[in-house]
Amino acid sequence: MHKVASIFIVLHTVQYRAFPSWDEPLLKAQYTITLISRSDTVSLSNMPASSEVPHGSNNSPGAQNEWKVTVFEKTPPMSSYLVAFANGQFEYLESSYKSPLSGRIRPLRIYATPDSIHQAQFALEVKEKTLPLYEEVFDVEFPLPKLDTLVAADFDAGAMENWGLITGRTTAFLFDPKKSSLAAKKRVAVVQAHEVAHMWFGDITTMSWWDALWLNEGFATLMGEVIILNKIFPEWRPHSAFINDHLERALQLDAQRSSHPIQVDCPDAAMINQVRYFPFDALSYSKAASMLRMLSQYVGEEKFLKGVSIYLKNHLYANSEPVDLWNGIAEATGLDIARMMDKWVYKIGYPVLTVKEEGGKLHIRQDRFLATGDPTEEENQTVWYIPLTILSTDSSGKSVIDRSIVLDTRQTTISLDTTKPFKLNAGTIGVFRVAYEPERLKLLGQWAAQKNSVFTLEDRMGLVSDAMVLAKAGVGATSGALDLIASLKDETEHLVWESITTQLTMIRKLLWEHPEPVRDAFNAFLQTLYGPLVTKFGYTYLPDESADVRQLRTLAITKAAAAEDPSVIEELKSRFAHFQETGDDSKIPTDLQQVTYATAVKYGGRKEYDTVKQLWRKPPTPSTKISALQGLTSSLDLNIMQDTLKLVLEEVPLQDWMYIFMGLGANRTTRRGVTVFFKENYAEILKRFEGNFSLSYIIKFVFESYTTEEDAQDTERFFKDKDISKYELAYHQALDSIRANAAWLKRSESDIESWLAKQERSKL
């Protein structure tokens, strides 16, 4: 008998379809849920069950046809979008935690299907560790009698913070310590910690209206993925990883003309699809969290968290506006927080600080930064309140951090000894870019490359990202940014290499239709960077090695393979061939699954493709399933691409379509082919994604990597007669990306080619 499960959650204004209710988050109510279900199934909701009694049976005999009625306890006052209930043949793992505030012991469970429950232990452990930490930090006890997590095989969002019943997809909560990668483990920890944070931010205290969604998501991101995660997994260095995971993500999106303030104007419910589906993006999550991180570091984390506690206590079981948060932090710090944060919340974009030097003085000016480098006078009206956070060097060579200087005017001048190492935005805390003069950038690179540099890894990450992104916008030469990266070839920190890789990937995308000699020259440069790392770390993962070493090895092998390093390609092909011939996957470390599958498909044929497809159909873990699916997109054979696209329409669940479009859109051989497929199947795709926010991601993956004005115009022609209301922001973001790429290519093509030629000559 085929077994099914049903899960009911909502993301915004459709609660009324399940039962009469007000969908506005401001109108909190108490709910008593009753479910009628088969007697051999498990029913779940936000609260524990208060009773469960037989409901009789239908005319068919047998236990499986019997029914039961489950009544759940009444909830505290809560917004309707947080209501959830589910029914199915679930099993669970159980633990508990003791409240550090009251001493009360609460049960914790995680539910999943019988075939996957054994992979849920780690997520349960993370929940057990985070709950008491949140109580201590906020000085507010978790108020519900239990907290469950439910793992769903088919789930549109990654996860959802339903109060007392967190829900999410398999990749968000399942981890097999023997078969899953470190990346999969980190994802589970991050998602679980993020969703538990919502039990306070969003559930106990809720934004008054959807325009302040960032109050929920920004805080859950900062608290769950940085502050609390750092207490349980400090070896992952969450404070530093935040720069790549969130700050850069936010800065990239917010540099587009199509961006929006984090406080989104949403005057009526008819616009909520736009608010929820589009600003459910890097701005609501990552820019909001980055802004809050900047504030936290400026006022001090202890005072910041004290202010957050005041804010929560003042709005228990109630709703709030941003000013309420600022008032809480102001009470804890004595500062005018509302004035400081006003422009960051209500204005679009962020600034670039241009630094000019003259006689031991720095002249600093702020302007709005755009990826195209051309803000109009109208677009450049905002003057932000910017904590400069300046790193300088004392007479003994030690770094000194000055957090007292604030730029709240268009420009200022400060005195500084520029003969010693210095850097604005120390620790890459601020939500802005810094543009130095070419000679200073070169000198900064030399200082950053020193073995005992005063620049922290966070400083080096910021230098790399700023240099390349500013070059893309025409603020400096791309060759200067490449020089900076080349000077860091002996870098030892994984997170700095992540920053380097992100910026070099931008250039790879830029050169995708260039002649083969140019692409070969770029690959040769990449091989000089990643090849030595592969030689140093090898392919063997040791049980006692650090997370940093493990991740750097994975990154180096993955990027060396992408750069067509022949020795790396042959090694990965050999390991896959052994698996293909014997069924023994012991030579494919879990962290190398994705690059191994991708390499086998890219340089193999139908046999390798079919093997990876079978892995996708019958994977040992959810993360393996995604790795295999992404591997299928690596083929250079356009006939195989058609098979993959057929698979999308016939077998791939909607929640995973984005992986196919992301992979085929990134593959230079299949990029135009997947665009043709999207256009030819547009009506069917639109129909499939009715009410599903993943469509916005797919549109960006299909179109945003093009690099010519002709492609931008072709994209506009296709969508000209389409109703784009369901994905309008994603459409404009894709167009902005194409035009920024085109402007960069036109401006820097010869500069990049000359720099690569110089690198080639230096080898002779």
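Keep in mind that glycine also has a Cβ here, set from the backbone N, Cα and C atoms.
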With His194, His198 listed by TrEMBL as Zn(2+)-binding, which of these, Glu217, Glu235, is given for the same site?
Glu217
Can you break down the domain 'Aminopeptidase N-like N-terminal' (17-82) into helix, strand and coil residue counts using DSSP?
7 helix, 27 strand, 32 coil
Give me the mean pLDDT over the domain 'Aminopeptidase N-like N-terminal' (17-82), rounded to a whole number.
86
So, in DSSP terms, is His198 (Zn(2+) binding site) helix, strand, or coil?
coil
Relative to the mean position of the Cβ atoms of His194, His198, Glu217, the recorded Zn(2+) site, which additional same-chain residues have Cβ within 8 Å?
Glu161, Glu195, Ala197, Phe201, Gly202, Asn216, Phe219, Ala220, Thr221, Gly224, Tyr285
Tell me the Cβ neighbour count for Glu195 (active site, proton acceptor), meaning other Cβ atoms within 10 Å of its Cβ, over all protein chains shown.
28
Cα separation, Glu195 (active site, proton acceptor) to Glu217 (Zn(2+) binding site) (Å, whole number):
10
